[in-house]
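Peer 1: Relevant sequence annotations retrieved from TrEMBL are reproduced here:
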type    : residues               : note
SIGNAL  : 1-21                   : signal peptide
DOMAIN  : 26-331                 : domain 'Plant heme peroxidase family profile'
SITE    : 63                     : site 'Transition state stabilizer'
BINDING : 68, 71, 73, 75, 77, 89 : Ca(2+) 1 binding site
BINDING : 195, 248, 251, 256     : Ca(2+) 2 binding site
C-alpha cells in the first residue's frame, strides 16, 4: 500500500494498528467487504440465537476473547485442541472446566466456511462475537476492526502465567495488565465485564471464607454479612466446586454499571473484584469506580476504548498466521 493511500485511510479512520509478533500490521473495519460482506450479520445472528437460549453464554464469549488475547495476543490460540505435539490452552488451570463457548464458535465458523470458504479467521470471529455478546445484553455497540490471522501454536504455559487469577492481589492484576500494554484505567474498565456472567464456587470460595485484612476488613464483612451468608449457602467450605453464583447480583444478565455499585458496597463476588477497592491505597481506582457507578455512559465509553485496545494485542496479520479452516486445528 502506498504512503498516500495509507494517509488517506488513516485520515478517514478506517485503520487501526496492531503490533504483531513480527512487526506492524493493519486492521481494517471493512476488511471483508469484498470477500465476505455478511460476516458480521452471520456472527450476530448466531450469537443472538445462543444468548436467547442461554443468557450466560454472552459472558462466556466475552471471557473467551479475553483469555485468548492475554496469551500470545488475539490470535485464536485458545481455540486449539490438544495434539501429539502441543498441549492446548484449554487444559491450563484458568481455563479447564471453566471456559465455555467453543461449540458456538465452531458453529459460526461452519456457517462462514459455507458462505465464504477459507476467508474469515477464527480470531476475528472471537472478536466480533465478544462485541455482539455485550450488545445483546444491553451494553455498548462499537465497530470492530478486522483482518487478524490465526496462530499456528498455543501456549499452555502462557495461559497459566498470564491470565489473572480470581484471587489475585491488586498489584498482581496491575502487573498482568501492564504486560499486555494495558494500564490501570483499562483494568478497571474491563473489570466491568463482571456485570454479566457467573463464577464457580472454586473461584470465590477464598473470598468468602478467608479474612486477611485485620479489623477494618472484619468490620467490612460484618456490615455485609447477609451477602456473605448467601454466598456460603451456595458454596460450602469444601465440595460443590462447580456450583455458580452471579458476578453481579443486582442485574446478573444485563450489561450495565451495577458491578461498580456492588464493589463499592463490598459485594464483588471475586477477590479480584474486591481488591480494586480494598487494596487501592492511593484512592485513584476508587475515584474511577465511583465515576462509573454514577455515570453508565462514561463506563460504556471507557469500556469500548479498553476492549478495542485489548482486541489489538499482538495481532497476527498478513503472512504471520493463517485462516484456519477448523478453529480447533491448524491447517495441514
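A Cβ is built for glycine as well, from the same backbone N, Cα and C atoms used for every other residue.
Bear in mind that TrEMBL entries carry predicted annotations, made automatically and left uncurated.
I'd like to know what surrounds each of these features in this structure.
Peer 2: Neighbour density for residue 89 (Ca(2+) 1 binding site): within 10 A of its CB lie 28 other CB atoms from the protein chains shown.
Remark: residue 248 (Ca(2+) 2 binding site) has 194, 195, 196, 258, 259, 262, 269 as non-local neighbours, by Cβ distance under 8 Å and separation of at least 6 in sequence.
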Peer 1: Using C-alpha atoms only, work out the spacing between residue 71 (Ca(2+) 1 binding site) and residue 251 (Ca(2+) 2 binding site) and round it to an integer in Å.
Peer 2: 30
Peer 1: I'm trying to understand the geometry here, so how far is the Cα atom of residue 77 (Ca(2+) 1 binding site) from the Cα atom of residue 251 (Ca(2+) 2 binding site), in Å to the nearest whole number?
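Peer 2: Given the Cα positions, residue 77 (Ca(2+) 1 binding site) is 32 Å from residue 251 (Ca(2+) 2 binding site).
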Peer 1: Give me the non-local Cβ neighbours of residue 68 (Ca(2+) 1 binding site): same chain, 6+ apart in sequence, Cβ-Cβ under 8 Å, ordered along the sequence.
Peer 2: 74, 75, 76, 77, 78, 79, 123, 126
Peer 1: If you average per-residue pLDDT over the domain 'Plant heme peroxidase family profile' (26-331), what number do you get?
Peer 2: 93
Peer 1: Applying the rule Cβ within 8 Å of the centroid of the Cβ atoms of 68, 71, 73, 75, 77, 89, what extra residues of the same chain belong around the Ca(2+) 1 site?
Peer 2: 67, 69, 70, 72, 74, 76, 78, 151, 154, 155, 158, 159
Peer 1: Pop the Cα-Cα gap between residue 63 (site 'Transition state stabilizer') and residue 251 (Ca(2+) 2 binding site) into the table, whole Å please.
Peer 2: 18
